[in-house]
Amino acid sequence: RRLKFDEAVQETIHPTRPFVGSLFQKIIIVCAISSIMTGFVILGGISFLEKVPNKFECKSDSLHVIHLRNENMMHESASMAELEPIKSSGDWKQCSQQYICKNNLNLYKDLFRYDQTDPEYIDNWIQKFDLLCKPTEYIGLIGSCYMVGMFIGFFILPPYSDSYGRRPIFILTMILSTVAQGVILFTSSIHKLFLFMIILGTTFSGKNIVGLNFAIECTPEYYQQLVVSLYWTVELFSIIMWSFYYQKLDKNWFPLQAVYFVGGIITLIVAVFFLPESPKYLYTKQKFEEARQALSYIASFNGLRDHKKYVFDNELTEGASASQLTETASQ
């Protein structure tokens, strides 16, 4: 039998099993979209992560306490071991961000606090990285670092995926993404945040171009438009979901990010142990036998144990002899 590539992909779908008959395609589509969302949860949710709280409370005697503490620290006869912290006895009162930063209250966590009763309050990177009184350029630089990484990644990952294959580049992408997200989750260093935002941004093209193409190349032609539509639908729905999460479910940024971090780890494991190389990539590289093996694996994954042998329609024109094709088709 001589088949076009799209016909060979179609034959990997089990005709009598509506769900498991295309299980592999469903898994790789989920993996591709999951990988994209691991980065988009930060890029698309950056406005939530960088939102400066609106309301604050300060101790009424905070300036007096700071003055006493400074005097105590400057006392030449007192050793550090003998110094007792001077505690505030004042009441909490409303204050502004300008007041806190002007008087350096941000250096004394016991003298000011964020008003968590504010409906718009989010426990985010402002608190985690102590950005309240940092120059506004610091906050803007976070998103800029991601964009720098995106620019770098476009010149590396897609071209390399055309040379070395979709699978290894997708796995490399998920390794870099998982490491970057893990560091961002647990570090409190603003400089590490800058560095790993660049690394995370570098993976953007590996997910949105390489990963999405990887999924599309393993699915029949009539599925491919559905994959792209599903990708855009999930992105748009995610923005709505994140708004609902912060408004109704939790004011803390960490749980949501941790869920996507775990999703990235699962995607990486699936890619390493269950995904073959893209058969379309192998086909375009004229590695026809390897392409057949990849398609055979997909068919077996979908429950087709007796996958009929075939040759591709252009193998003869690419230099294979008629006798070789007959031998391949009869095996």
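Including glycine, each Cβ sits where the backbone N, Cα and C put it.
Lifted from TrEMBL, the feature list:
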TRANSMEM  27-49  transmembrane segment
DOMAIN    27-331  domain 'Major facilitator superfamily (MFS) profile'
TRANSMEM  138-157  transmembrane segment
TRANSMEM  169-186  transmembrane segment
TRANSMEM  193-216  transmembrane segment
TRANSMEM  222-246  transmembrane segment
TRANSMEM  258-275  transmembrane segment
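Here the transmembrane segment (138-157) sits apart from the transmembrane segment (222-246); fewer than 3 CB pairs are under 8 Å, leaving out pairs fewer than 6 apart in sequence.
Across 169-186, 193-216, 222-246, stretch 193-216 shows the highest tally of CB pairs under 8 A with the transmembrane segment (27-49).
With a threshold of 8 Å between CB atoms, the same-chain residues lying at least 6 positions outside the transmembrane segment (222-246) that come near it are 22, 25, 29, 32-33, 36-37, 40-41, 44-45, 48, 122, 212, 215-216, 256. A Cβ distance under 8 Å defines the sequence-distant neighbours of the transmembrane segment (193-216), meaning residues of its chain 6+ beyond its ends; these are 25, 28-29, 31-33, 35-36, 38-39, 42-43, 125, 129, 141-143, 145-150, 152-154, 156-158, 161, 166-167, 169-170, 172-174, 176-177, 179-181, 183-184, 187, 224, 227-228, 231, 275, 278. A mean pLDDT of 88 is what the model gives for the domain 'Major facilitator superfamily (MFS) profile' (27-331). Sequence-distant contacts of the transmembrane segment (169-186) (same chain, at least 6 residues past either end, Cβ-Cβ under 8 Å): 35, 38-39, 42, 157, 160-161, 192-193, 196-197, 199-200, 202-203, 206-207, 210-211, 214, 254, 257-258, 260-261, 264-265, 267-268, 271-272, 275.
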